[in-house]
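Below is one structure, written out as structure tokens; the observations come after it.
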Amino acid sequence: MGSAITTSGLGKTFITRTGPVEAVRDLTFEVGKNEVIGLLGPNGAGKTTTMRMLSTLEQPTAGTATIAGHDLRHDPRGVRQSIGLVAQSGGSRPTATVRDELLLQARLHRLSDPMAQAETMMKAFELTELAARPTMTLSGGQRRRLDLAIGLIHAPQVIFLDEPTAALDPPSRNELWGHIRALRARADVTVVLSTHHLDEADALCDRVLILDHGKLIAEDSPARLKQRLGNDVITIDAGLRDDQVATRTLASIADLPHVRDVRRTGNELRIGCENAEGLLTRVVLTLHDAGIDMHGLQVAHPSLDDVFLALTGHTTAQER
Amino acid sequence: MSALHDTFIVFRSELALALRNKVALAIGLIQPFVYLLLFGPLLTQALPAAQNPWLFFVPGLLLQLGLFGTGFAGFNLIPDIRSGFVERLRVAPVSRLAILLGRLLKDSLILGLQAIPLIVVGYLLGMAANPLGVLASLILILITGVGLASLSYVLALGLPNEYLFAPAVNSLAIPLMLLSGILLPVDRGPVWLDWLAHLNPLRYILDATRALFTGALDTTAAIGIAVAVALAIVSVAIGSSLFRRRTA
């Protein structure tokens, strides 16, 4: 398994009237083939600039990158042949039809049978009935499906999705997630998607790169990032009638491995721990042995929001 | 050659869209007809009886069609920039020059399609023009259209915001029109006006068109053709350099 993307010290400084602005600094990472990675961060973190550099739209001012074996600086055409980009703004002419745009893309990439390719993509993305519609008349969800079809028609090795579900309603978002998951099942595609929806990265990505103020501040699988915080919470609604029994039981739960802290509020037990699933049986057995009834049980993992807060000291919702 | 093929792909797609937009095509035709029908009769009175007014006026309207038709070509680029279409082309493995050339050829062809009815009506009104000269003029106008459309794209790409585009084109096109002698012979004015008009490349192109309409292939025609070709080459060079810089 080779790598689809490698970057080393990649950076972009924009010269503005008020002085230089470092949008991205010293970005070094690697993306394996067939990986789905998420670029995560608040607005202004450098996600879009990173995508624009990797897709040849913006010249880096520092560092190097290789995409699908092509050097970004010296072989931009090779990069362009191997990638697809679904930009935030889409990229269809307002008066062109769905079929026009797919045909043009197929021809630009010199596909052997543009008509057939366009039809195949329309079928795959449920656009066949919309073929003759001008793109400006499409709904948000339909337009996003078209954008994906355009980005994928030439079977790129690497596909960049810049905030693919921004401004979509929940059903359209779920539908789009389905299409992205389908990409994941294909062995030959690497997906880089940016989002500030943490649940989206959690649901779709093998690995997440967290950007903040143009810098890479963390890089791991969503599960491990959350594990790093180590605060899974098991909440149990128990019949704690006897205070003495309760205190003794709490103490023995607190002695179990991986338990961080145990708190009782009335009939509710909150157990802060690492690896809640691994601990669950022993907690339940302890309560059972003490003769305590259980009326409800809940396991909560930290959200990526919690991760972000812990890493940066601010939540994703806060603008800089 | 791959850049040529790229140009053809862009041209074909843009042309299909433009031809489908019948309303825009028709509107582009209205203005020269308004001049032809409302201003032409006045001109027939103003010009010396020896001169066929239509041989003077139809070439002028052809150039005006070129000036305003292709001068506003950049206007069509604005929604394509805003929708992200131009960036989509930039991410595709397409020659940067082809993105510009494909559009320019479309603009020039549309100009040709609008020019034909104007010429036909000119003949119907009694314009006794040399058919070969008219054909040569048409080609000359198409070359001029490429140059003007390219400058229009430069404006669309280069201006700090899209609201400036229409006033900028108007404030450039109207003096260019007045100083080229489209409506009235410019050499009958004061010397300074005539001198200023000599700085306007469109004047030479218009003089050449008028010469060609009478069937004369003389120095005036040769100079006009040379100016049109030079204008096209310089404008496309500026346009493609800007496209390239914006799209590296």
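Cβ atoms are placed via backbone N, Cα and C, with glycine included.
Here's what TrEMBL has on this protein:
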- B:23-246: domain 'ABC transmembrane type-2' (DOMAIN)
- B:23-42: transmembrane segment (TRANSMEM)
- B:54-78: transmembrane segment (TRANSMEM)
- B:109-129: transmembrane segment (TRANSMEM)
- B:135-156: transmembrane segment (TRANSMEM)
- B:163-186: transmembrane segment (TRANSMEM)
- B:221-243: transmembrane segment (TRANSMEM)
For the transmembrane segment (B:221-243): best-contacting stretch of B:54-78, B:109-129, B:135-156, B:163-186, by Cβ pairs under 8 Å: B:135-156
Long-range environment of the transmembrane segment (B:163-186) - Cβ separation under 8 angstroms, sequence gap at least 6: 35, 39, 43, 46, 56, 60-61, 63-64, 67-68, 71-72, 74-75, 78, 152, 155-156, 193-194, 196-197, 199-200, 202-203, 205-207
For the transmembrane segment (B:135-156), sequence-distant contacts whose Cβ falls under 8 Å of one of its Cβ atoms, 6 or more beyond its ends: 59, 62-63, 65-67, 69-75, 77-78, 81, 100, 103-105, 107-109, 111-112, 115-116, 119, 162, 165, 168-169, 202, 205, 208-209, 212-213, 217, 221, 224-225, 228-229, 231-236, 238-239, 242-243
